[in-house]
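Notes for the one structure printed next.
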Amino acid sequence: MTNNSGSKAELVVGGKYKLVRKIGSGSFGDVYLGITTTNGEDVAVKLESQKVKHPQLLYESKLYTILQGGVGIPHMHWYGQEKDNNVLVMDLLGPSLEDLFNFCSRRFTMKTVLMLADQMISRIEYVHTKNFLHRDIKPDNFLMGTGRHCNKLFLIDFGLAKKYRDNRTRQHIPYREDKHLIGTVRYASINAHLGIEQSRRDDMESLGYVFMYFNRTSLPWQGLRAMTKKQKYEKISEKKMSTPVEVLCKGFPAEFAMYLNYCRGLRFEEVPDYMYLRQLFRILFRTLNHQYDYTFDWTMLKQKAAQQAASSSGQGQQAQTQTGKQTEKNKNNVKDN
């Protein structure tokens, strides 16, 4: 196996987590596949140079500590320093929803969108009950689990999360304006564009844009061109504000427009009615006569690919028997995410 992870491969962190290869990277640094030397368990290892201007891994590790035990929150194995790096060792998860969207040719059925929506709302609700906002809701930050957790959705990347109320007094942070936009501009709420301090309503509105991204395959404010990043953000903001919810959701069940209108109508400190939002989509799911069987679009594709691989493998064996020659076959055209 070729190794593209440079000098970090074979490094052991936390006394028992051996780095195998690089599997991703972000603004903070790199993510490696690691193996636990004591039991052979695979883990994900995030490395951040201690020289970075704005370190965020320590903060993120504190967030994971607070959130531990929640459904769909990855387990944190270890945090510490190793060879000039801050290191966070987590459960190894499966592909992100962005990966799976691409795998499914950027088309999700309504059944898949609704099954995902149910879990996504619950993940954000849990983070909010722990007094934090996520502030970077996007398909890349929702990952499916692996093995027996392959149908469970996990929420990751709490580097931009912010405490919105005090644990003891339950005092909410004050309303402010002139704030810089935090998060991913494509899914940012209108109030975030306007420079208003984010609160629970903004996470929920961002989620509504993710739903419509999956439904439509793209959002009307994608692909806008501008000379500078600032001008691009302004164009996106203008397009988002000038696109009525009914236009954004045209051609899709009314529940999606109801969801977005509800979120946009929330007051700064107001608690979203998470159960009402889940029920919107659960009732729609039943109305459309879907079965909640965790058969997602990618489940079907992978099953089909596995069947094709098995059948081509069988044909290969037949050909080998007939000709006495080994026939090299492509066993599977799907990456095991």
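Quick reminder: no glycine exception, Cβ is built from N, Cα and C everywhere.
As annotated by Swiss-Prot, active site, proton acceptor applies to D136, with the evidence given as sequence analysis. The compositional bias 'Low complexity' annotation in Swiss-Prot covers 309-325. According to Swiss-Prot, the feature compositional bias 'Basic and acidic residues' maps to 326-337. Here Swiss-Prot flags K8 as N6-acetyllysine, drawing on similarity to another entry. Summarising the annotation, Swiss-Prot assigns region 'Disordered' to 309-337.
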C-alpha spacing of K8 (N6-acetyllysine) relative to D136 (active site, proton acceptor), in angstrom: 29
Cβ neighbours within the same chain of K8 (N6-acetyllysine) - under 8 Å, at least six residues apart: L19, K22, D30, Y32, L47
Cβ neighbour count (within 10 Å, all chains shown) around D136 (active site, proton acceptor): 20
Structural state of the residue listed as 'N6-acetyllysine', classified by DSSP into three states: helix
